[in-house]
Amino acid sequence: MAPSKKAGKKGAVGGFLSGASKPQKVQKADWSEGFTKKKAAGVPDMTLLSTITNEAINDNLKVRFQNQEIYTYIAHVLISVNPFRDLGIYTNDVLNSYRGKNRLEMSPHVFAIAESAYYRMTTEKENQCVIISGESGAGKTEAAKRIMQYIAAVSGGAEGGGIEGIKEMVLATNPLLESFGCAKTLRNDNSSRHGKYLEIMFNGMGQPVGAQITNYLLEKNRVVGQIDDERDFHIFYQFTKGASAKMKEAFGLQGPEAYAYISRSGCLDVKSINDVSDFQETLRAMQVIGLTSDEQDSIFRILATILWLGNIDFVEGDDGNAAISDSGVADFAAYLLEVDSAQLQKVLLMRIMETQRGGRRGSVYEVPQNVAQASSGRDALAKALYNNLFEWIVSRVNISMKPQTPSQYVIGVLDIYGFEIFQDNSFEQLSINYVNEKLQQIFIELTLKAEQEEYVREQIKWTPIKFFDNSVVCSLIEDRRPAGIFATLNDATATAHADPSAADNSFIQRSSMLASNPNFEARGNKFLIKHYAGDVLYTVAGMTDKNKDTLIKDILDLIEGSKDPFLHTLFPDKVDHTSKKRPPTAGDKIKLSANLLVENLMNCQPHYIRTIKPNQHRSPTEYDDKAILHQIKYLGLQENIRVRRAGFAYRAEFSKMIQRFYLLSPATSYAGDYIWTGDDRSGCERILTDAKIKKEEWQMGVTKAFIKNPETLFYLEGERDRYWHTMASRIQRAWRAYVRRKHEAATKIQRFWRNQREALVYERKRDYGHQVLAGKKERRRFSLLGMRKFMGDYLDIAGGSAQGEMLRNAATISPAEQVHFSSRAELLVSKLGRSSKLSPRFLIITDKAVYFVVSQARDGRVSTSLERKIPLVTIKAISMTNLRDDFVALNVNACEEGDPIFTCVFKTEMITVILTLTGGNMSVNIGPTIDYAKKKDKRAVIKTQKNEAVRGDATYKSHTIQVGSGEPPNSLSNPMPPRKPKVKKAAKTASSSRPVNSGRPAAVALPGATKPAAPPALSSMPSHTPVVTKPTAIPTAAIGAARAPPSIPGRAAAPPPPPPPPPPAGPPKEFYKALYNFTGQEGEMNLVKGEEVEVKEKDDNGWWMVVKNGQEGWAPSNYLKKVEQAPPPPPPPPPPSRPVAARPPAASSAPTAPAVTNGSAVPSWKAKNAASATPSADSTPPTSRPASSASKVPPAIKAKPSIPAKPAIPAKPQVGAKPAPAIGGKPPVPTAPKVQPKAASKLGQVAQPAKAPGQLDLAAAFAKRAARAQQEED
């Protein structure tokens, strides 16, 4: 077991430099760790599983996977389940949290493995390696990148210089080698098709000084062909999609669909891969590593050569020999290779045969090749070019990362593609699985055997457990005597080298000698090997040809004759025509590199990461139990746990055991402090004894304490948690009282702050309004009310209400514009032959412009449209008078329409909004006159006149504004009034006959007013107002029976009280029926078509005061029709004590604009009562409506308005066919017929057409909202 880091240690490097650390004092336990540490799902270390079965392992991994915990330990082995998504667990904060921490202190993570490897290197002065294994798509490459990320972050202490350069180059190898060595397969979008062993070299200070990469098993056959729905190496798609115009011109590049090698499989794009951006990342990695521009051009020239070689197509001639269908393609390929085109065609079509007699050189013949042979030679050349190019890139990277100073230690990271089982398994799968068998052998020897050796070393009594040793499978593949599979392949290749089919048959015959091996089965033209991961059936066809791995001498002569020096660098070996030595086969190379890898790994201290793929669909939520059980079996996880649990499930050094559990013994702890004075071993024994653990459940080793069953450890952890709860209960009694008092005080403070915070924003805006006016303008009394708030969007444009949506669409306001202010206004409109007149408008201000929207009746239909749009940048100044009127002029740049003059009751708020949006870069002119542009070249002046006879809003006539006196210009707003105290509700009595009204309170007349004021409209969510129906006459006897209390035995029932006298007859009431739906604003009454309301007052300006459900409000008179009342019936019997309320009808649920609870928020045309009922402006009720505002009546005529027809919905535009991609100009080279990818076009999503602006059907909109409200109520 690795030595644990000491608590309080600041860094691994410091500990390494200081030599052996002294025994450290046990730190005081921290009670808060149980509250701050996240509770893990399942068990984080599977050695603590109660049941050791594959199913139990799978259940634990599944629970943790579903809880987004993908890492689990088996002792020091990390199990990683690929999450197929970003869990946010690789950030710098997470990385730093593992820095300098022991494995047991933190939850399982790949950073913990990296920290352990780096720490052991610096403290034990030994080389380390991290072996990552698992099947394709299980996350090995990602784990390797995270290991390098951690080591690069924690190693070294100096910034800049060579150390940082080495770190950058090490990290830059990831995108570079992924581009050239990874490809999309059926199981993985970024599958490593080669093995990579990265060795990071460190100096004595623990700082990286260099690195070296060793490449294994590049799958070069993928260059010339792939199965369906797979791709070639990423670099080909990056190159063809992301190359610059200069590259395309130099190399004759087209899209990936133009090349047979990379388009034949029908997969050109991958959703999870952006080839263009990845190509830019590859170029940056080349620059970081130090590749010159000439070297980069040479690399891309070889890639282009491979692509054009694949487009050389062979056809069968009349004589049965192969011929090139388009010599122009061969000419361009020869141009890229810098060889003679005729020589290239000859090498591809002819083969040189040489006869020998008795060791003497004989005759030389040129033998024509058929189509299959020519294609094989072309593919062999392409594969050799790519393989040697990849080897050159690796060697070039090693040159750049070569250490400049001596290195002392190494941390190796092995990332090699995992065990593979396909439907058709060939030589590539045999090689891959062989290497994985070797890695499994290392795991068995170094992990399972080391586990048993630890028990022996610690002198622990235990029973050994047998485990599967896969060395017999490795011998089956690699042994020479008796001949293994590789040796048999070599013999078959040597005896029938001229005919691949004959060589395959020879191998089948020779492999029959392997049938005696229990792990081998011959099955005709196939054979089966029983690997540790499962049985794999291999196909013999083509296996001997792949094992040859040599180019014919004709192709080597062709390359030797090239004028490209880079090509000579890729093929440094000269052709020896006299050599009779058999070149090494692919099997020989694989066996040699695998044994060298094993030798390197055996010289290091290993760390293991076993990766698991949860499903085959790369889904972040799917968990395939069957597939994972198979991986658990062949990874040997159960055997690993059994060996770890053979004697004892948990072990820890004495110091760590004491640090964790010393609280459980009164002899070792007092008040949380460690008080034991003896040695650590005796301290552990005392803790376990006082915890009442049986002696057979634990043993003491030489340096560690061992616990047999995981239940014992769980018990100790539970007792440790219970200790803190017991101690906490003693403190809680005294603490609760303090906390209660503190909480009550905090609640009071919070309540006060919340109340102030809500009004603070509006008070700041209001104060800014005072600054804008600067004491120059008389103020309206209602503008100075303390409850006056600058709400802004009074028409609810941004709130999504029906009216807001209608106005937004009519004004054509884009969704990107933010509405800051909206209100009703009256625009001064000049008409031919008549004086100017105020006309109602909707005023909207966004962050870009000011909008004036008008509603008009045209052909019996209400039409709302945009009248004028004024960009904020065109407003030069704002002009107002110095009296209390509401007139405002926007002085804009010269235009035909001139400057708009309008009135707005929220003028101060409107000006503050405009100044805020424009940054205050405009002047506000306040004076006795308003100077404005009536037209483009025509100026005009509006004068003011103070007239005390004008009681309501200002009047306008002949360029003169008449208005009464207002509050002094230097007036300030009143403070916010305190909230009313809550009224305690009286207890209900059984004899109460007063009906309960859950609606708004009844209106009460203000001082000086003759009529009660209408209550302000409720803001926030729309509510359904209950409707109270007239009580139905019920016989008195029935009433008494219904309300009689239950009888009490032995007591006579008291007679019921006499009914109250009937109320005196009042004046006759007039009821009217609503003809249309109407949604009103503040002080107005909502109407639903068909309902009846009582008319309380009729005004000449077209608005009537109506009563509905005990509430009053204004409604348009031409929306109502009188209901003829029947003759009054005879007086009914006494009414019951409680009226019966009928079910309320559906009310409109259209949300209204936020209401303001003071007079300044009420438009002038709503304040009728103040102008007609009292001579003082101070007594004007907030919801009254002046008689001088007849122009604000929405229906302009008294006649019954016709119901507009619903406008037709514009037809949905037809979805056109997807246009064919534009094909660039054909390069000046001919192209051979190519294999096009499979058609996989999908119709794109078509956005729904936007709503047509302009006229909207208000009646239909209100009816639709009323129906929706009815559905919600039902």
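Just so it is clear, glycine is given a Cβ too, placed from its N, Cα and C backbone atoms.
According to Swiss-Prot:
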- GLY134, GLU135, SER136, GLY137, ALA138, GLY139, LYS140, THR141: ATP binding site (BINDING)
- 957-974: compositional bias 'Polar residues' (COMPBIAS)
- 1042-1053: compositional bias 'Low complexity' (COMPBIAS)
- 1054-1067: compositional bias 'Pro residues' (COMPBIAS)
- 1126-1138: compositional bias 'Pro residues' (COMPBIAS)
- 1139-1157: compositional bias 'Low complexity' (COMPBIAS)
- 1170-1226: compositional bias 'Low complexity' (COMPBIAS)
- 41-721: domain 'Myosin motor' (DOMAIN)
- 725-745: domain 'IQ 1' (DOMAIN)
- 779-969: domain 'TH1' (DOMAIN)
- 1-28: region 'Disordered' (REGION)
- 951-1029: region 'Disordered' (REGION)
- 1042-1071: region 'Disordered' (REGION)
- 1116-1248: region 'Disordered' (REGION)
8 Å Cβ shell about GLY134, GLU135, SER136, GLY137, ALA138, GLY139, LYS140, THR141 centroid, ATP site members excluded: ASN82, ASN188, SER191, TYR417, GLY418, THR611, LYS613
Neighbour-count leader, CB within 10 A, binding-site residues: SER136, THR141: THR141
Listed in sequence order, residues with CB under 8 A of GLY134 (ATP binding site) and six or more positions away: SER80, LYS140, GLY418, PHE419, ARG610, THR611, ILE612, LYS613, GLN631, LEU635
Within the compositional bias 'Polar residues' (957-974), residues counted as helix, strand or coil by DSSP: 0 helix, 6 strand, 12 coil
Residues near GLY137 (ATP binding site) in space but at least six apart in sequence (CB under 8 A): ASN82, THR185, ARG187, ASN188, SER191, LYS613, ARG618
C-beta crowding around GLY139 (ATP binding site), within 10 angstroms: 23
Lowest local Cβ density among GLU135, ALA138, which the record lists as binding-site residues, within 10 Å: GLU135
Protein Cβ atoms within 10 Å of LYS140 (ATP binding site), excluding its own: 26
The domain 'IQ 1' (725-745) [mean pLDDT, rounded to integer]: 86
Secondary structure of LYS140 (ATP binding site) (DSSP, helix/strand/coil): helix
Residues in the domain 'IQ 1' (725-745) grouped by DSSP into helix, strand and remaining coil: 21 helix, 0 strand, 0 coil
